[in-house]
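Student: Next up is a structure, given as structure tokens.
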Amino acid sequence: MTPETHVDMINASEKAPKERAYVTFLAGNGDYVKGVVGLAKGLRKVKSAYPLVVAMLPDVPEEHREILRSQGCIVREIEPVHPPDSQDAYARAYYIINYSKLRIWNFEEYNKMIYLDADIQVFGNIDDLFDMQDGYLHGVLSCFCEKIWSYTPLYSIGYCQYCPEKVVWPAEMESAPPSPYFNAGMFVFEPNPLTYESLLQTLQVTPPTPFAEQDFLNMFFGKVFKPVSPVYNLILSVLWRHPGKVDLESVKVVHYCPPGSKPWRYTGEEPNMDREDVKMLIKKWWDIYNDESLDFKPKSPADLEATVLESTIIASVTEAPLSYSPAAPSAA
């Protein structure tokens, strides 16, 4: 049986005060490093008070690590986490590598962290999320309207959390209406060694599902999940799926996750990528990325040395690798 998750297991409120930080994930030698650089500069632009930790797999080349250190990021190497079964079960094969994100629950030198995918950009200060109630995982509800959800009964009946009132849950459905389900590109959490161990143990007895770690985290934290406003994680497809639900002036976080929307790969040729609002958000990302005034500028050589030293010390704390299956390919 799957171990039951309890609120007190993830509650860090009784721990001594520690640091806060943002954290993202990076794997491989591809171009996602550009996303992390853009995110680091975006956090500086909105004057965030907290650093960005980059949890990265061993296959990230030293050249990319140096780029991130030069942008003030704290580099922390982690070992991959592999689920017990093959990647055939996933909506996209590369999703399997995202289970490695579970390692961030072992970053116990931090009291609270905000996870952000590397294809996210912040356009407003979101430090207030650190003040969310302890003992819960906070995130933004997912939209179920894109074709990638077509394997689910939710998609077949047109149900979506953004507009649940539009579809009456059919009585003939064998299951009850779904529990709230968050997008794992952004969430607020509390690192905790007990939670970390429970996550890894639970993974060993949990069958894989199409959305990999996102499904897993929703299952694991289902009883302690609390939704936050969509302004903290605008999934780009909501622009055309639920236009009446979007006020771009108030959006603080944009998630460039639909196919063709990664700013550093953008061509405008994929479906919906020629929309004016999409083009505007792509331009805003590039404006931040290209703004040299947002590059990390240590106040003194000692500040730069401290950033490098912190990355070095953290990287020296190695994780025990898990050997559930052969190594998964790096994220594209």
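Numbering starts at 1 and runs along the chain as displayed.
Each Cβ is built from the backbone N, Cα and C atoms, and glycine gets one as well.
Residues or ranges marked as active site by Swiss-Prot: LYS101. Among the features that Swiss-Prot reports, Mn(2+) binding site is placed at ASP117, ASP119, HIS255.
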Student: Quick one: which residues besides ASP117, ASP119, HIS255 have a Cβ within 8 Å of the Mn(2+) site's Cβ centroid, in sequence order?
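Tutor: Along the chain, the qualifying residues are GLY35, LEU116, ALA118, ILE120, GLY185, MET186, TYR256, CYS257.
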Student: Name the residue among the binding-site residues ASP117, ASP119 whose Cβ has the smallest number of other Cβ atoms within 10 Å.
Tutor: ASP117
Student: Does LYS101 (active site) have same-chain partners at least 6 apart in sequence with Cβ under 8 Å from its own Cβ, and which are they?
Tutor: PHE25, ALA55, TYR115, ALA184, GLU213
Student: DSSP secondary structure for LYS101 (active site), reduced to helix/strand/coil, please.
Tutor: helix
Student: In terms of DSSP three-state secondary structure, what is the assignment for ASP119 (Mn(2+) binding site)?
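Tutor: Its secondary structure by DSSP: coil.
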Student: Under 8 Å between C-beta atoms and at least six apart in sequence, can you list the same-chain neighbours of HIS255 (Mn(2+) binding site), or say none if there are none?
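Tutor: For HIS255 (Mn(2+) binding site), the qualifying residues are ASP117, ASP119, ILE120, ASN183, GLY185, MET186, ASN233, LEU234, ILE235, LEU236.
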